[in-house]
Amino acid sequence: MPPPPQANHGRTVYVGNLPPDASVDELLNHVKFGPIENVRVLGEKNCAFISFLDGHIAAAFHADASVKKLSLHGRELKIGWGKPSPCPTPVLLNVQQHQATRNVYVQLGDDDTTTEESLRDDLSRFGPIDQVKIVRDKNIGFVHFLSIATAIKVVTHLPHEPAWKNKRVHYGKDRCAYIPKSQQQNQAHNSQAAAMGMAAAASLGYQTAFGFAPATVEASQQCPIGNRTVYLGNLHPDTTTEEICNHIRGGILQTVRYIPDKHIAFVTFVDANSALAFQHLASYSGVMIHNRRLKIGWGKHSGPLSPAIAMAVQSGGSRNVYIGNISDPDYFNEDKLRADFSEHGEVELVNSLREKNCAFVNFCNIQNAIKAIEAMKSHEEYQQLKIFHGKDRCGRSMALGVMGGGHGEQGEGGSTSSEKSRQEV
């Protein structure tokens, strides 16, 4: 049975007992999770509501803030949950298509006398501002608004104003979404995959997950609320886990579990919206492996994603492990990599790119990838190599038509060209 809806709290965290003299930027200095979609401060009630783009990130911040017992001006803050609500579809589409954030990057002139105060005064007409920073030696400024919607207005309209016509205006990185430099590209990939799932779910007539109310009675019967696990049946006996993953698109995977003797598999996405979008498109368009059309359905309810995995994904984590700086590809060949990394869990695919001195090891479970990275960094033979998360090829965008030949790019740990020709049927 699915867990009760209250097990999923939403994407909005309540922060109470704020000091009357505390500023919003002081509050957000304590938030190391993001991207943030919207911040609403209720001064008369000494509280704020922080809405994240993704409910899993909200859960990670809630868990972290509850454990650390955040305080501001000597006051311990109260942490709770706000009312669940879907993220506005226009915001999701701009995140997916233009990597929108609440931070606006603006180019300043070489002899520009703009100050942080004057920039704040100029752009506050669009909406409330969190923080303004000018990097004088680079002649650029960053303006963090309290919502992505406000930033979208600025990026859309400001370049058409005479004073800004020849200056670059675009989105910067949300300062709350702290990511190690090596993982920033992966985090962007993960965020876009999550936004893509939410936008797809909304376009299909469903309220996005963490809103908890399918738009129709039919939808509520077909889609267990918040379920992240999709069932695949009628698999050909020769099917491999690698081939299954080659046909999954639209979201980062938490686990893939293949049961060959029953000819079935269960694929659990990190994000419920991605699962919903994939399940719908796969049912509509069909998935073909070895000339068999798969049966698509829902698996046993997954329950909510754990805060630990949510934090890992927020930092660019995936089930794909990148191994770089390989000076001897003959020694660190695919067989050795598979044998060494399989000690930490089932491996779905190993792909070596000799010309780039790197390789990718894709696990069937994101937790095993996290465990492997920590363990292999202290492994004697691997200490000189670069080891961190790569991109999950399943997070690439979905396409209409029979889903029968999807393959990841090599840079994402996908199949090589020879493997591709072998797999297509």
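Glycine is treated like the rest: Cβ placed from N, Cα and C.
TrEMBL does not curate its annotations; it predicts them automatically.
Annotation comment: TrEMBL describes 402-414 as compositional bias 'Gly residues'.
Feature annotation from TrEMBL assigns domain 'RRM' to 11-84 (among others).
According to TrEMBL, the feature domain 'RRM' maps to 102-184 (among others).
Among the features that TrEMBL reports, domain 'RRM' is placed at 228-301 (among others).
Across the domain 'RRM' (319-392), the prediction's mean pLDDT works out to 95. Per TrEMBL, domain 'RRM' is recorded for 319-392 (among others).
Per TrEMBL, region 'Disordered' is recorded for 402-425.
Taken residue by residue, the domain 'RRM' (11-84) breaks down under DSSP into 22 helix, 26 strand, 26 coil.
Taking residue pairs at least 6 apart in sequence, the domain 'RRM' (102-184) and the domain 'RRM' (228-301) share fewer than three C-beta contacts under 8 angstroms. Broken down by DSSP into helix, strand and coil, the domain 'RRM' (102-184) contains 31 helix, 22 strand, 30 coil.
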